[in-house]
Amino acid sequence: MKKERFYPWILLVLGAVLMFAGNQALLVTDPVESNYAETALEMFRSGDWFSPRIYGHYWYDKPIFYYWELLLSFRLFGVTSFAARFGSALFGLLGIELSYFFVKRLYSAKRAMMASLLLLTCTEYFYIGKAIITDMTLFVFIEMTLMAFYLGYTQKKSHWYYAAYTAAAIGTLVKGPIGLGLPGLIILFFLWWRRDIKALTHMKLVSGGLLYLILTGLWYGPMTVLHGHDFLLNFFGVHNFLRATVSEHPRQNVWYYYLLIFILGWAPWSFTLPLLGSRREWALKIRSFCRHVACQKKLPEVDVRTAFFASWAFVTVFIFELVQTKYMTYTFPYMLPLAVFFSSFLAPHERLVKGLAGGALTVYLILTYTVAVPQCRKASAYDAAQAVKALAGNDTTVVAYGGRYPVSLTYYSGHMAKRLKWKNEIPELLPGSLDWNAKNMMPFASIESLSEDKEIIAVVRSGDMQDFETDIDGTWECVHDGMWMVMRKAAR
């Protein structure tokens, strides 16, 4: 018992080391992290903490809560990589501690310690806990929603239901309707499995729904009034409806995508699955479950804890398998049920778990400094931005040519680089409709319009240098060599 008192503190220390180590050295990367960081930076400088903006324009990729995380971090720590990654790291710690206390309440301190340790040391948790993305924050509020529901359901206490509605509202302010939709579908499936749909009548649907609407309406209401059609079209239309129905990354839209994410994202623990087959009792349980479903055409009755975690995992994967856009972090919310399941059959292998967890923590720390730091630099236009910052004056035209537009160039240089295209290509790339052009918020400049009377600095993807030399006339001086090359052309 004395040892168990230290479990949450051990997790806190291990989590803090893993989540925060090296963050100051991890540059903001393209194409995802830089969008969040640049948006928050422009909000920070404008003093408008309500309407997200990028390149001087309002934009509606995500709701407000994650930007508030970044803004508060910038206010506390300055505009640094550490500050930009602080929110995800902090919520990563919170997610581990929440997982520990919830699993302890349902099972035991020892089971909770193992489940939380498995969660902390899987590769996806390590990655998302250090990334400048919304997913760790969403994970925590989905956790809170489902945990509060479960406690309300099993204890029949209404204050837990109100806590669930509050957490779902904040989740909706983190990433949109999925903050309510995903936990809501998990709860419905769980109640259907339990043959207890009537429990909905005890869940304070009217007063809880009103609480949810009030909390979410504090931001969504004014945004609709202030920005009207643009907000509704882009936020709900493009970034929610379109993402669900039209694949943003068609190459990833394959049936085995999330199987690969499980194997890689749950490593090293995914590679312990053969141990499950080696235990006769587990093999019999799985065989009996499958036989019951095949013969009875319905799910068997199991204890409430098992049904809850199984519903959580199954519905998460099922829903995102249906969604047309596939992304590695979408199924992240099912990691806690995975940890609970694996902690059960790995319980007799405590030495193996300790060894793998210790090895994983060590490897992650080494990889942070030896792989992540240089790879983040490679995936960022930081070096090119420093050259632009040193050379460009107020009258200098800064353009970006080739490759995927580097948002980090604007973030690190302070100069709003224009995306350089031929004049006839630009109309096809502009936002304004229900399509993926909504992401093209950067300013454009046509090749034909480049002035000879102004100094021009062009940041060119190294692989597109030959096309640049073909397309753009004039005498250019290379002032920086690298993944993004910086070319300068003096005013005439």
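Counting starts with 1 at the first residue shown.
Just so you know, glycine gets a Cβ as well, placed from its N, Cα and C.
Look at TrEMBL and you will find 61-216 tagged as domain 'Glycosyltransferase RgtA/B/C/D-like'.
The transmembrane segment feature in TrEMBL is assigned to 82-103 (among others).
Among the features that TrEMBL reports, transmembrane segment is placed at 115-142 (among others). Counting residues 6+ beyond its ends, the transmembrane segment (115-142) has Cβ neighbours under 8 Å at 11, 14-15, 18-19, 22-23, 26, 28, 32-33, 36-37, 62, 65-66, 69-70, 84-85, 87-89, 91-92, 94-100, 103, 167-168, 170-171, 174-175, 178-179, 182-183, 261, 264-269, 328-329, 332-333, 335-336, 338-340, 342-343, 346, 353, 356-357, 360-361, 364, 368, 372 in the same chain.
Cβ atoms under 8 Å from those of the transmembrane segment (162-193) belong to residues 62-66, 134, 137-138, 141-142, 144-146, 148-149, 152, 199-200, 204, 207-209, 211-212, 215-216, 219, 235-236, 239-240, 299, 307-308, 311-312, 314-316, 319, 333 of the same chain, restricted to positions at least 6 beyond its ends. Positions annotated as transmembrane segment by TrEMBL: 162-193 (among others).
Note on the transmembrane segment (205-222): residues 50, 63-64, 161-162, 164-166, 168-170, 172-173, 180 of its chain, located 6 or more positions outside it, place their CB under 8 angstroms from a CB of the stretch. The annotation transmembrane segment is assigned in TrEMBL to 205-222 (among others).
Summarising the annotation, TrEMBL assigns transmembrane segment to 255-277 (among others).
Look at TrEMBL and you will find 306-324 (among others) tagged as transmembrane segment. Within the chain, the transmembrane segment (306-324) has long-range Cβ neighbours (under 8 A, six or more residues past its boundaries) at 146, 150, 182, 185-187, 189-190, 193-194, 243-247, 253, 255, 258, 330-331, 333-334, 336-338, 340-341.
Residues or ranges marked as transmembrane segment in TrEMBL: 355-372 (among others).
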What is the pLDDT of the domain 'Glycosyltransferase RgtA/B/C/D-like' (61-216) when averaged and given as a whole number?
97
Outside the transmembrane segment (355-372), six or more residues from its ends: residues with CB under 8 Å to it
14, 17-18, 21-22, 25-26, 117-118, 120-122, 126, 130, 268-269, 272
